[in-house]
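The active site, proton acceptor feature in Swiss-Prot is assigned to Glu180. As annotated by Swiss-Prot, Mg(2+) binding site applies to Asp45, Asp84, Glu114, with the evidence given as sequence analysis. The 3-methyl-2-oxobutanoate binding site annotation in Swiss-Prot covers Asp45, Ser46, Asp84, Lys112.
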Amino acid sequence: MKPTTIALLQKYKQEKKRFATITAYDYSFAKLFADEGLSVMLVGDSLGMTIQGHDSTLPVTVEDIAYHTRAVRRGAPNCLLLSDLPFMAYATPEQAFANAATMMRAGANMVKIEGGAWLVDTVKMLTERAVPVCAHLGLTPQSVNIFGGYKVQGRGDAGDQLLSDALALEGAGAQLLVLECVPVELAKRVTEALSIPVIGIGAGNVTDGQILVMHDAFGITGGHIPKFAKNFLSTAGDIRAAVRQYISEVASGVYPGEEHSFH
């Protein structure tokens, strides 16, 4: 299998070919995902909750992400691998660059950072220094204390601000955008306005791609299950079949359905 590139995702967007992505944290699952056709993976700071058992992503460190990035890269050598910069790892552009370098050395192809137009200088600095950036707007879990919990973002006038932020981040050099927990109508506006691929999670089926936390995709999340999650393992029978079903339902637009979407 040839390495998956950002240019390929750009081609998918132009061809309106929806693609599926997933979080991965270890060698074994990364290899399984790659074998079944998932060629874009994220080492997310969600590991703070799914792997480490915290109640938020805030305790996750740069070294935590780097450790899991190395493991995932060994399992999926040809995937396009995104790694989160965790909470307080990019408070300044200089800090962001130092920590992004750690991720790239660990095997990441690009780093993901959460936040709006205040990150323009950081995105510009990283891009100019050959570090590809995936921006993340909408519900940004590192800001949970400001949002007052995990709530849908971008309703009303806030939608205009989010679109403005998305355009500013693209202008600064961001090459991908993750859009989390926003109304379908806003997700459509953003996806159509941007020339870069938009990956949704809780943003309806109008984005260029979808991402799920692997634990949500297989129904092994304890406690609250997000509205946008679907347990593909419940009908597929085994994990490999569940991965193939996820890829297929994203490609056809079946997932996410209306029951997984916000308005």
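Backbone N, Cα and C atoms are what each Cβ position is placed from, and that goes for glycine too.
Since this is a predicted model, take the numbers as computed values, not measurements.
Recorded features from Swiss-Prot, shown on the structure.
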residue	record	DSSP class
Asp45	Mg(2+) binding site	coil
Asp84	Mg(2+) binding site	strand
Lys112	3-methyl-2-oxobutanoate binding site	strand
Glu180	active site, proton acceptor	strand
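For the Mg(2+) site, the Cβ centre of Asp45, Asp84, Glu114 serves as reference, and the other residues of the chain with Cβ at most 8 Å from it are Gly44, Ser46, Thr57, Val60, Leu85, Pro86, Phe87, Lys112, Ile113, His136, Thr140, Pro141, Gln142. Looking at the residues that bind 3-methyl-2-oxobutanoate per the record, Asp45, Ser46, Asp84, Lys112, the two CA atoms farthest apart are separated by 12 Å. Between the C-alpha atoms of Ser46 (3-methyl-2-oxobutanoate binding site) and Asp84 (Mg(2+) binding site), the distance comes to 9 Å.
Taking the recorded positions Asp45, Ser46, Lys112, Glu114, Glu180 in turn, the residue surrounded by the fewest other Cβ atoms inside 10 Å of its Cβ turns out to be Ser46. In the shown protein chains, 32 other C-beta atoms lie within 10 A of the C-beta of Asp84 (Mg(2+) binding site).
For the pair formed by the residue listed as 'active site, proton acceptor' and Glu114 (Mg(2+) binding site), distance between Cα atoms is given as 10 Å, rounded to the nearest Å.
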